[in-house]
There are 2 protein chains.
Amino acid sequence: MNKKLDTGPYRGVRDFFPEDMRILKWMFEKIRKVVESYGYVEYGASILEPTELYAAKSGEEIVNEQTYTFTDRGGRSVTLRPEMTPTAARMVAARRRDLGFPLRWYSIPNLFRYENPQKGRQREHWQLNADIFGISGVEAEIEIISLACAIMKGFGAKDEDFEIRINDRQNKLKGLREKSLSPEQERGMWQLLDKKDKISGSDFRKRAAEILGESLELEFEESEKTKQIISALGEIGINNTSFSPALARGFDYYTGMIFEVFDTNKDNPRSIFGGGRYDDLTKLFDDESIPAVGFGMGDVTLREFLKSRNLLPAYKPETQICIASINEDDVPNTISIAKRLRERELNVATDTTNRKVGDKIKAADKNRVPFFMAFGEEEQNTNKFKIKELSSGDEREFDEDGVVNFLKDNQR
Amino acid sequence: MNKKLDTGPYRGVRDFFPEDMRILKWMFEKIRKVVESYGYVEYGASILEPTELYAAKSGEEIVNEQTYTFTDRGGRSVTLRPEMTPTAARMVAARRRDLGFPLRWYSIPNLFRYENPQKGRQREHWQLNADIFGISGVEAEIEIISLACAIMKGFGAKDEDFEIRINDRQNKLKGLREKSLSPEQERGMWQLLDKKDKISGSDFRKRAAEILGESLELEFEESEKTKQIISALGEIGINNTSFSPALARGFDYYTGMIFEVFDTNKDNPRSIFGGGRYDDLTKLFDDESIPAVGFGMGDVTLREFLKSRNLLPAYKPETQICIASINEDDVPNTISIAKRLRERELNVATDTTNRKVGDKIKAADKNRVPFFMAFGEEEQNTNKFKIKELSSGDEREFDEDGVVNFLKDNQR
């Protein structure tokens with residue numbers, strides 16, 4: 001015998017068995033409903049992108065240390081996309097003359113990071129990306145944060161479950177501005193701020209001193225624009241916001257407002273997702289910049305948040321009923337009634353194997369099919385069907401129309 | 001200035017601008033509706049798989065010459081999945097004790113092939129995979145072919161638009177069986193048969209002689225099982241079938257029935273999709289084999305078929321209306337009415353930029369938003385709104401409830 005293969009997935013990625021897939025689909029459906037209600041339309045792209053798309057703007061650390069990058073047989077360097085924003089900017093730049101602005105686009109791509117496996121972090125995750133292009137005024141920031149908030153509310157989250165922390169890349173560090181930082185020093189400081197929560201206070205001070213060449217007190221200033229955004233959000237009923245001067249976010253391409261939605265759970269206070277304004281990204285492709293604001297919302301953190309708040313639904317498979325033949329002679333009629341129920345928009349599995357009905361019930365129950373019906377000569381002759389609810393064992397009798405109505409009433 | 005980046009995608013893959021994404025989503029929705037009605041539940045997995053998953057069964061040519069395979073930083077060989085069946089078998093083998101059989105699973109993964117670019121073929125495509133596990137009898141073949149046929153019908157294809165060609169890997173070539181072929185010779189012949197349509201008749205004969213060591217007439221025999229399948233399909237109204245002895249299909253893992261759905265269009269007679277029985281694939285993982293029948297249906301060929309038969313829908317974006325503020329003072333009320341319409345389940349974009357209404361109409365029209373409404377002081381005071389259909393220029397007046405009803409009536 002050959003050596004047997006392992007049944008697990010590649011390290012750091014997930015298999016989605018039906019019950020996991022169902023939650024993923026449920027999250028995407030909820031998300032799609034809200035973002036489409038705001039006028040966003042869906043686009044998509046391949047996970048394969050030329051490496052140069054990320055080299056310029058994603059931040060060096062991300063491309064060099066954290067991506068899947070390889071050379072194809074034609075000698076081209078290819079990267080499995082670690083984020084969607086550069087792809088969105090590329091596609092908008094490609095058709096800027098044919099697209100109407102403001103342009104609202106969303107996508108739910110899978111993204112890849114070469115994470116250190118011992119951290120237990122995912123190497124692939126799914127993420128909503130929603131972006132508005134073509135608006136330089138704060139209406140764009142306000143809409144994007146409103147949208148982020150509407151999605152959270154759409155999942156049943158309450159105002160007190162999360163906090164929207166807002167900052168602006170243009171907000172200079174008070175002490176630093178007076179010292180006229182070089183662009184390198186300023187960038188270094190933002191990168192350091194991004195790591196602030198992960199390192200000790202003394203480490204932070206030490207590294208800041210290395211970047212700035214001296215030790216100093218850090219003070220922050222709230223910009224007019226940030227004040228304006230927070231006040232406008234308050235006017236439309238969004239009050240769980242705060243100015244958060246140390247908020248940095250990892251990507252180099254942000255040019256203005258940045259925000260993160262934080263879980264207020266005291267046992268696990270952390271960022272769920274975030275985004276910001278990036279006005280210059282399309283300049284990678286030509287000289288014209290298109291103002292843009294957007295955010296990304298990953299499935300892993302979102303799911304953990306929803307789980308911790310009991311907002312995830314119980315699993316129900318797509319299949320509504322399993323109809324099992326009692327004897328071999330009953331197979332053709334079993335297939336016929338299944339076909340009729342399908343024509344009436346029900347999702348029907350059949351079990352026409354040569355096993356006992358009890359075994360067929362066990363198999364359907366393993367797959368969590370909610371209802372079961374055995375089909376034999378008597379059912380065929382009387383048009384009376386016993387529907388068994390597998391979770392409770394309860395049985396109810398219906399004629400064929402009754403079966404259809406009962407199952408439709410029990411749809412999720 | 002830095003050198004500007006190209007706005008095109010990586011070679012051989014596609015960007016899905018909203019109008020392309022919409023068709024992809026429409027195809028998937030149709031497919032999901034039909035496969036779920038047959039009791040199939042959706043699973044998913046990462047595109048990253050250990051290379052060894054494909055080495056054993058996919059056929060050497062596919063793994064060595066046609067996949068994206070690279071070594072990760074941990075020294076593991078990783079392949080971007082070229083097909084879904086090995087992943088499905090892996091996942092079923094992983095949970096065989098917890099799953100109920102017959103098990104019906106489907107997925108709509110993206111798949112990667114390193115195709116020769118000059119052929120103009122796609123390096124990434126999307127594909128429905130539907131599989132039934134745990135049935136060794138012909139009911140499984142009949143259900144899978146019925147399902148394939150139901151999907152075609154679901155798209156509006158007629159019986160005469162396609163033909164289902166059926167063969168069986170167990171059908172021995174008549175002349176060959178009598179000669180007791182070695183397994184290598186038999187495998188070589190199937191691989192050659194798979195190329196039959198692409199090479200000349202004399203080439204075929206020459207290569208067959210090389211494999212068999214002599215020149216001979218090829219004759220084929222229809223097995224009892226194939227007859228049984230074709231007859232059973234006829235009984236449930238599927239008559240566009242034929243026994244197709246030269247049908248081979250590329251993968252090594254088929255063990256019984258194989259089928260392909262062919263476009264009957266005389267100008268472009270070709271395979272749209274296909275599948276077959278593969279009973280031994282789970283033996284890669286342990287000693288127990290699970291009988292399985294399934295098929296894969298790719299988006300590119302399907303879309304071309306639907307296009308050639310005029311079965312694709314016209315593009316309509318997800319967004320139903322654009323509401324534009326007339327003056328700057330009208331912005332808050334424009335945002336308010338948009339919010340109210342969203343609460344009534346409409347998809348509403350706003351345009352609150354400082355442009356003229358005419359420019360706002362042009363922008364909405366570029367994005368193919370079907371309806372447009374300008375919102376100013378008069379609209380706010382009178383509760384009368386003019387809805388302009390952008391394709392025709394027609395205008396109709398409604399109150400707010402009327403707008404909601406009109407847009408709902410015009411939903412696709």
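Note that Cβ sites are derived from N, Cα and C of the backbone, with glycine treated the same way.
Copied from TrEMBL, the annotated features are:
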BINDING   B:Glu83, B:Met84, B:Thr85, B:Arg113, B:Gln127, B:Asp131, B:Arg249, B:Tyr253, B:Tyr254  L-histidine binding site
DOMAIN    B:11-317  domain 'Aminoacyl-transfer RNA synthetases class-II family profile'
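Feature annotations (TrEMBL) mapped to structure.
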residue  : record                   : DSSP class
B:Glu83  : L-histidine binding site : coil
B:Gln127 : L-histidine binding site : strand
B:Arg249 : L-histidine binding site : coil
B:Tyr254 : L-histidine binding site : coil
Which residues, sitting 6 or more apart from B:Tyr254 (L-histidine binding site) on the same chain, put a CB under 8 Å from its CB?
B:Arg169, B:Gly276, B:Arg277, B:Tyr278
In the structure shown, which of the binding-site residues B:Thr85, B:Gln127 has the fewest other Cβ atoms within 10 Å?
B:Gln127
CB contacts for B:Arg249 (L-histidine binding site) [other CB atoms within 10 A, all chains]:
19
Extent of the L-histidine binding site in Å [max Cα distance among B:Glu83, B:Met84, B:Thr85, B:Arg113, B:Gln127, B:Asp131, B:Arg249, B:Tyr253, B:Tyr254]:
22
Measure the Cβ-based neighbour count of B:Glu83 (L-histidine binding site), defined as the other Cβ atoms within 10 Å of its Cβ.
21
